[in-house]
Amino acid sequence: MTTKSSPPDVLGQLGALRRYALTLTRNRDDAEDLVHDTLVRAIERQHQFRPGLALRPWLLTILHNGFVDRLRARRAESRRDAEISYAGSAELGPSQDHALRLSEVRRAFLTLPEEQRAALHLVSIEGLSYEDAAASLGIPVGTLVSRVSRARARLREMENGASAESNVVPFKSAGGSDGR
């Protein structure tokens, strides 16, 4: 099947899909399966995509809905507590303090409820607008703003508890004020 217009750049969205899938699943293999299923669904439903609209939110919506479907199917199973393994940038060579802090931030992020984690990921990590993130999650913008706000507040609470126990410099939330 050929079209007169060029096909959407789905491959250019793989990084965003993988990051979001890792955030949701907390497991690299499950994330790759979710991305694969998302791409299959996108191909099956390509007729539903309207040219001129943003591709990333459409794909992230498919991915999120696929995750929710899987979550509902696995409710009877026990949840895995596998650590997420983000591919760090090799050329940065972070110091031990930085690596420790990054580990603490990841751990705190993963303790957030799934709804807050997903909202914060889309806004702060993927850089989606509140409108696009809300559309991807299928929720009103006000609900998204509330979830992002609660997630940031909870991270600050966890940080304040960790800062009292450590001499590591506190982190600031991306995409918003740090509340100080």
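Glycine is no exception: its Cβ is also placed from the backbone N, Cα and C atoms.
Per TrEMBL, the features are:
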- 16-75: domain 'RNA polymerase sigma-70 region 2' (DOMAIN)
- 104-155: domain 'RNA polymerase sigma factor 70 region 4 type 2' (DOMAIN)
- 157-180: region 'Disordered' (REGION)
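With DSSP states grouped into helix (H, G, I), strand (E, B) and coil, the domain 'RNA polymerase sigma factor 70 region 4 type 2' (104-155) comes out at 43 helix, 0 strand, 9 coil.
Mean pLDDT of the predicted structure over the domain 'RNA polymerase sigma-70 region 2' (16-75): 90. Across the domain 'RNA polymerase sigma-70 region 2' (16-75), DSSP assigns 49 helix, 0 strand, 11 coil.
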